[in-house]
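Working notes, structure below.
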């Protein structure tokens with residue numbers, strides 16, 4: 001499988017995953033024109049569109065793409081029916097595409113119906129988990145979002161995290177402010193600062209890396225709890241997550 005990231009809108013990424021037959025899936029097309037350009041550039045034929053949630057910066061290109069590929073199936077959670085999805089998915093479903101299987105994982109929090117697609121080693125997780133961060137909670141609860149991220153956390157270290165926004169540098173600055181003594185975060189902040197100065201992408205990332213530099217995956221650590229609470233032994237992991245997310249919202 002070959003993975004292509006397409007910069008779109010202000011800071012989005014649209015993902016293409018293709019096989020040896022030059023067939024591909026399009027994940028979260030927030031706009032159509034860069035997708036059409038990439039398909040032409042790489043001589044790819046789309047087999048389906050996969051949607052993670054209903055926000056316009058993830059679905060805004062669907063109708064235009066369907067003008068060019070009118071028989072293209074569009075998969076997504078129930079909340080994307082109004083956005084052009086024709087096959088609605090839920091937890092435990094699998095989708096057969098590219099001579100392969102994509103597993104559907106429900107990850108509510110950012111939106112109430114948000115899903116992710118897993119085709120090892122690739123995870124297309126929309127706005128749930130970002131590099132060094134996580135999505136804002138618009139429709140769900142902090143505990144829901146924490147539990148959704150825990151579903152991702154059990155995947156293997158080599159899982160390729162294909163998230164939908166270039167937020168890595170901002171997330172690392174926040175993490176460094178919370179925990180300035182953490183050498184892994186500080187080193188990666190320096191590395192990503194150099195990458196972004198060259199206007200290069202910081203994505204995709206891997207789950208193994210995120211376990212080290214993403215505080216939202218480290219809510220169980222007592223040292224982090226001490227940073228956030230006067231009673232670190234009495235605070236639950238999801239409450240640590242809630243505190244972090246609240247602080248990030250104001251950062």
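Backbone N, Cα and C atoms are what each Cβ position is placed from, and that goes for glycine too.
Note that the structure is predicted; figures quoted are calculated from it, not measured.
In the three-state DSSP scheme, residue 110 (Zn(2+) 1 binding site) falls into the coil class. Of all Cβ atoms in the shown protein chains, 25 besides its own fall within 10 Å of the Cβ of residue 110 (Zn(2+) 1 binding site). Feature annotation from Swiss-Prot assigns Zn(2+) 1 binding site to 53, 55, 110, 127.
Annotated Zn(2+) 2 binding site per Swiss-Prot: 57, 58, 127, 165, in sequence order. Annotation note: residue 58 (Zn(2+) 2 binding site) sits in a helical segment as assigned by DSSP. Cβ-based neighbour count (10 Å, all protein chains) for residue 58 (Zn(2+) 2 binding site) stands at 27.
One way to see the shell of the Zn(2+) 1 site is to take the Cβ centroid of 53, 55, 110, 127; the remaining same-chain residues with a Cβ within 8 Å of it are 52, 54, 58, 111, 114, 126, 128, 135, 138, 164. Under 8 Å, Cβ to Cβ, and six or more positions away along its own chain, residue 55 (Zn(2+) 1 binding site) finds 111, 127. Non-local contacts of residue 57 (Zn(2+) 2 binding site) by the CB criterion (under 8 A, 6+ apart in sequence, same chain) comprise 8, 9, 12, 30, 164.
Taking the centre of the Cβ atoms of 57, 58, 127, 165 as the Zn(2+) 2 site, the nearby residues of that chain (Cβ within 8 Å, site residues left out) are 12, 28, 30, 53, 55, 126, 164. DSSP assigns residue 53 (Zn(2+) 1 binding site) to coil in the three-state reduction, placing it in neither a helix nor a strand.
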